[in-house]
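Enquirer: TrEMBL lists these features:
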type	residues	note
DOMAIN	44-122	domain 'Phosphoribosyltransferase'
BINDING	Arg87, Lys88, Lys91, His93, Glu115, Asp116, Val117, Val118, Thr119, Thr120, Gly121, Arg122, Arg123	5-phospho-alpha-D-ribose 1-diphosphate binding site
BINDING	Thr119	orotate binding site
Amino acid sequence: MEGSLASRVRDAALLEGDFVLSSGRRSRFYVDKYLFSTEPGLLRDLARGLARKLPEGTAKLAGVELGAVPLAAATALETGLPYVIVRKEAKGHGANAGRAVEGRLEAGEGVVLVEDVVTTGRRSSGPRRSWRARGSR
Ligand SMILES: O=P(O)(O)OC[C@H]1O[C@H](OP(=O)(O)OP(=O)(O)O)[C@H](O)[C@@H]1O
Ligand SMILES: O=C(O)c1cc(=O)[nH]c(=O)[nH]1
């Protein structure tokens, strides 16, 4: 991340205290992503930065609920690329019952998973594994 963007994120969202993380670990630091992703100027500049880093051949973006969804949506607006939303658990009713991915995702597409915060990488490795199994890159 470019220097000034990193300091803007740190100033907006870095908290110190005693926090339990999604992995169950404890941390003295916590990046409250909602404190940067709900600021339109910062969200737009993050999306511009992400757009510049997308590898060639990126056909689609993906964001895991909840925190990564605004970042994926803003990057989609910046690039014109479509995106999908990945649920933590499949929905149990409606047209998409049994599916954890909202939006269109075809086998073989080059998908870039946009993350807001990565600590152990566990959350983002789940979708990556299942897409590889279905032929996406
Ligand atoms: O790398 P990991 O150890 O998997 O941890 C990082 C994940 O944890 C956070 O999500 P959180 O559980 O806070 O959920 P939220 O997006 O629904 O707020 C973060 O947004 C990542 O998705
Ligand atoms: O690992 C996490 O759960 C986590 C860490 C962090 O800094 N921010 C966050 O939203 N989640």
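Glycine is no exception: its Cβ is also placed from the backbone N, Cα and C atoms.
Give me the structural setting of these features: burial, nearby parts and distances.
Expert: Secondary structure counts, DSSP: the domain 'Phosphoribosyltransferase' (44-122) has 23 helix, 15 strand, 41 coil.
Thr119 (5-phospho-alpha-D-ribose 1-diphosphate binding site) counts 13 other C-beta atoms within 10 Å of its own C-beta, drawing on all protein chains shown.
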Enquirer: Taking a cut-off of under 6 Å between Cβ and any atom of ligand 2, tell me which of the binding-site residues Arg87, Lys91, Val117, Thr119, Gly121 pass.
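Expert: The binding-site residues passing the 6 Å Cβ test are Val117, Thr119.
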Enquirer: How would DSSP class Arg123 (5-phospho-alpha-D-ribose 1-diphosphate binding site) in three states?
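Expert: DSSP call for Arg123 (5-phospho-alpha-D-ribose 1-diphosphate binding site): helix.
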Enquirer: So which binding-site residues out of Lys91, Thr119, Gly121 are up against ligand 1, CB under 6 A?
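Expert: By the Cβ criterion, which requires under 6 Å to ligand 1, the hits are Thr119, Gly121.
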